[in-house]
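Now, the feature entries from TrEMBL:
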TRANSMEM  30-57  transmembrane segment
DOMAIN    46-292  domain 'G-protein coupled receptors family 1 profile'
TRANSMEM  64-87  transmembrane segment
TRANSMEM  107-124  transmembrane segment
TRANSMEM  144-166  transmembrane segment
TRANSMEM  186-212  transmembrane segment
TRANSMEM  233-256  transmembrane segment
TRANSMEM  276-294  transmembrane segment
Amino acid sequence: MKHCFYNETVGFFYNNSRKELTTHWRTKDVLVVALGLTVSVIVLLTNLLVITAIIINRRFHYPIYYLLGNLAAADLFAGIAYMFLMFHTGPRTAELSLKTWFIRQSLLDTSLTASVVNLLAIAVERHQTVFTMQLHSKMSNQRVMILIFCIWVTALLLGLIPSYGWHCLCALEKCSSMAPLYSRSYLTFWAISNLVIFLIMVVVYTHIFIYVKRKMTRMSKHTSFHPRYKETMISLVKTVTIILSAFVICWTPGQVVLLLDGLGCKSCNVLAVEKYVLLLAEINSLINAIVYSYRDNEMRSTFRRILCFVCYRNSKYTPTVVKLNTTDRGTLSQNGHFTVDSSI
C-alpha cells in the first residue's frame, strides 16, 4: 500500500526534489519579481485594451475578433496568474500550503494552455479565410462561442488534473525538479501536448505562407489586381513571419526544459533557467496583443479613441465619430463583410 504525504509541507517536497528553497530575499529573487510584476502589469493593460476595443467597436463583431478577444482574455488571465506567482515566490514559497501551491501552478497551466490553444484556433481560422479568399469567416456566433467554451474546458482540464491526482504526493520518486509536487509524467504529457500544438501551428502558417507567396507571384504577372489586395497579402506574409518567430522564441525553450525535466534528465540543469523560460512564455502574452491587434489599422484607431477619451469629450468629439461611422458604412461589401485591409 502506498504511503501518501498529504500532511507534509511544501519544503518537504522541495527537499525531496533537491530544489533550493530560500529563506531570505536575494538580489536575484528581487530582480525576477520586479521584472515579472512589470511584465504582468503591461500584459494586463494591453490585453484589457484589446478586449475593450473589441467590445465597443461593432466592426470587430466577427469570429476572428471574438477569437482575438478570447486570446486577450486568456493572456489577461495569464498576467493575473503570473502576478499571483510573483507574490507567492522566493522566500514566501516555504510558507505556502499544499493547496495554495497547487492553485498557484494550476493558474499558470490553465492560462498558458488557453493562450496556446487560442493561437491554434486563430491559425486554423486564418487558414480557412485565406484559402476561401474571405476577410472574415462565415462561422456563426454560436459556433464561435462553442469553440471558445471548448478552449477553456481543455485549458481547465489540463490545469486542474495535477491537483486531482496526477501529482507525486504518493510517489516521491516520480516528483519533478522544477515543480516538486508534480509528477514527471504530467510534465512530459503537458510539454508534448504543447509541442504538438506548436507543430500544427507551424504547418498551418507555413501552408498560408507558401500560398500567399505563390499568389503574389501570380499577381505580379497581371496588372488587373487591385494594389490594396496585394498590399494586404504582403502584410499577411509579414504577420505570419512575426507570429512564427515570436512563438518559437517564447515557447520552445520552456517546452524543451519541461520535457527534459519530465524525462528525468540528470545532467540537465533545468532549475538554472526555469524562471527565465517561464518569463519568456509570459512575454508571449504581451507579444500576442501587439502582433494580432496593433498591426490592424482599425484596432489602432480604436485604441486611440479609448486612450484619448477624455480629450474627445468636448464638442469636437461628436463629428469625429460621425465621420468614422460614415467611413465604416462605405467599406461594407455587398455580402456584408468588411473589405478593409487586415494584417491578421
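Heads up, the Cβ atoms here are built off N, Cα and C, so glycines get one too.
As a quick check, the transmembrane segment (64-87) and the transmembrane segment (186-212) miss the bar of 3 or more Cβ pairs under 8 A, pairs 6 or more apart, so the two do not touch. If one looks beyond the transmembrane segment (30-57) by at least 6 residues along the same chain, the residues whose Cβ comes under 8 Å of a Cβ in the stretch are 65-66, 68-69, 72-73, 75-76, 78-80, 82-83, 85-86, 89-90, 275, 279, 282-283, 285-286, 288-290, 293, 298-299, 302-303, 306-307. Long-range Cβ contacts of the transmembrane segment (276-294) within its own chain (Cβ-Cβ under 8 Å, at least 6 residues beyond either end) map to 32, 35-36, 39-40, 42-43, 46-47, 49-50, 53, 68, 71-72, 74-75, 78-79, 82, 108, 112, 115, 119, 122, 239, 242-243, 246-247, 249-251, 253-254, 257, 300, 303, 344.
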